[in-house]
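Shown next, in structure tokens, is the structure this report addresses.
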């Protein structure tokens, strides 16, 4: 064997005296005297572990030589450790903003947050309750940094909530849990919600502890919550109760920061619905992604400083590479700085993209003005991924806008291919976007995207013939996804037909120079299908509960039987049946039917799935396999059913008729009578 292999074995007897066994107290092995490693300074700095001898090698020398270091060696090691830390410190922490002027946030957003802090903290009334602020925005747009910098400049303390980790088990805890002499075993545990409530109570009641370097000359403070306990995502009602209580007893403002998610999980709508925001008077400030121009200035500043300081140790990127990096990070300046540091390190030159020659086909098809834009844009999307850019995602509002406005690139008259004369009506300019990629980047099911498209496409057309053609494409797409046997296979084709059909049918927007339908902004709305489908299910359950003797399907019951019962003069003893028949079987005496109230779609809202349809419901839009065949499922029990508000009101009945009562009580009464008759026989 080699000496290197035997060296650890020789010094192993020395090392055992430095180690304190973990279970010596539990096993009651106290015969061996041990020495703690911390008291003798075994935990050296990273510099001493790197440059000095190893623990096994140094154990062969006397302890006197190992402990006595000259002052020159100590100073040299301290300076080297500081230099090592400064070189390896992340640039995100190294160049973090310290003042308002260094923030990569729009000035109006900074003024909006500063105005709220002045009104709720600096100008706060003595007996004013707890005020709540909700800050939303994409990751890396400067939400938390803005709050901390403004609080520091105005002398406001910040008490931040951090999710606690489970405490480590100690020896005494281990003994108490597995004590053989006791029949009771206690596991020390406290839920995160209980800890969060206790934190809010203590933070609003007591001041922050003064640590070394803190200046606590003011009693003004705020509570900052960015990482909520995970239990609130499963049970949001618990958070709502905490917010209601804090508004009553809180003594300082409470700020929540939630990052927008493009994966479909809308935490803002789950944790802070509109009802809670109105009830608790929660202010809402929404941050935008960092603009590429502002991000470019910050990256140039970092590159200039690092190039002057470490000229030969980093690779200085050019302007084109920085522009690609800014576009690929989707407004996340934190991700941009991290990617810049990683790509600028020595030996990572191949990570910076280099443009290749464009195809001759694209040069011939596109005009000179568009020839420089579109190939660069397509190539940029491929290059940014090599630098480590984020996946480009779209909110629903922007995704619908790209389909409905359908911008196109103009073609040259000579080189562009032309259709035959008998097909000239189908000729269009080239689209600037791929509809399938737009739907994919929206992170929405294709059927749900078709619902939003069907709700909003009419306002973007000018000719009725184009609307008819677009509706045919939407109907054909709905047929493809109608059968549950083939829905999973044809879903992508259905979405492609719907999006491309709507874009192709709009002749007013068929060419790049056309301004069909005007270029003005048009609001988008949520589908009315959800409300109508919910009303249909309520009527279905009501009809099955009130008319069980007819044994008819829901479609026949509501289209063939109930309308005729409303015209007959047969008296009925059940007041609930009378109210339901008048609600379903008679149309209101109005000459002009008003449209249903439409709910506007905001620019940062995700696709809404009907909450009553269940998690397993897939959209043909939103129903399960059984519902797509014609009737809703019986998942909702009849015992939990109640009449809708419009059917349970007494204002729709004539004065001679008795007032309707709950159908559930009538069902219970019938059951009791049947049980009584069966006992008598």
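Even glycines carry a Cβ here, placed using N, Cα and C.
Listed in Swiss-Prot for this protein:
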BINDING   137, 138, 139, 140, 141, 142, 143, 144  ATP binding site
COMPBIAS  631-662  compositional bias 'Polar residues'
COMPBIAS  666-681  compositional bias 'Acidic residues'
MOD_RES   55  phosphothreonine
MOD_RES   71  phosphoserine
MOD_RES   86  phosphoserine
MOD_RES   359  phosphoserine
MOD_RES   633  phosphothreonine
MOD_RES   646  phosphoserine
MOD_RES   656  phosphoserine
REGION    42-63  region 'Disordered'
REGION    432-681  region 'Interaction with MCM7'
REGION    606-681  region 'Disordered'
MOTIF     17-25  motif 'RAD1-binding motif'
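The secondary structure of residue 137 (ATP binding site), as reduced to three states from DSSP, is extended strand. Taken residue by residue with DSSP, residue 142 (ATP binding site) is part of neither helix nor strand, so it is coil. Regional average pLDDT for the region 'Interaction with MCM7' (432-681) in the model is 70. Of the listed binding-site residues, namely 137, 138, 139, 142, the sparsest CB environment within 10 A is found at 139. Each residue in 259, 287, 332, 334 lies on the same chain as 137, 138, 139, 140, 141, 142, 143, 144 and has a C-beta within 8 Å of the C-beta centroid of that ATP site, without being one of the site residues. Counted within 10 Å of its Cβ, the other Cβ atoms near residue 141 (ATP binding site) come to 26, all protein chains included. Counting Cβ atoms from all protein chains shown, residue 143 (ATP binding site) has 23 others lying within 10 Å of its own Cβ.
All protein chains included, residue 144 (ATP binding site) registers 16 other Cβ atoms within 10 Å of its own Cβ. Here the Cβ of residue 140 (ATP binding site) has 24 other Cβ atoms within 10 Å, regardless of which shown protein chain they belong to.
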